[in-house]
Amino acid sequence: MTKQHAYTREDLLRCARGELFGPGNAQLPAPNMLMVDRITHISDVGGKYGKGEMVAELDINPDLWFFACHFEGDPVMPGCLGLDAMWQLVGFYLGWQGNPGRGRALGSGEVKFFGQVLPTAKKLTYNIHIKRTISRSLILGIADGTVSVDGREIYSAEGLRVGLFTSTDSF
């Protein structure tokens, strides 16, 4: 696979089908759980820690599935979906680096929600700053991330942890 520095929605759907990094390796979830429409920038240098960064986006429209059920009469995107998107991106980063295995979110440090995503919003922007990657018998990515809606930061997460596993039998 040639390392690109940006990915389209079609590229991300190929990743969801297991076609981007190869069989048994990092995959994104399929829609509806795919919470990213495009990756506009990915690099293994730069970012807050100088070890890599990603910028990705999700287009918001009132027809997105979660607005119909969360909450009736008070539609708002569940904050956990923004958190999951950041884990999705850390896993993608590990696969992009050429690491083998299937991705699993392993936790995070502090998570803060200080805003909301309403159906009137236009775009979410995810910023991921890689703190550390381990690529030995254990494949692990640790990152900090933020989510912004229409340019205003609304969520932050420190110490996002994602691992890649060649066997998930012990889970």
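Using N, Cα and C of the backbone, Cβ positions are placed for all residues, glycine too.
Features of the protein shown, as given by Swiss-Prot:
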ACT_SITE  His70  active site
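When Cβ atoms from all protein chains are considered, those within 10 Å of His70 (active site) total 14, not counting its own. According to DSSP, His70 (active site) sits in a coil region rather than a helix or strand.
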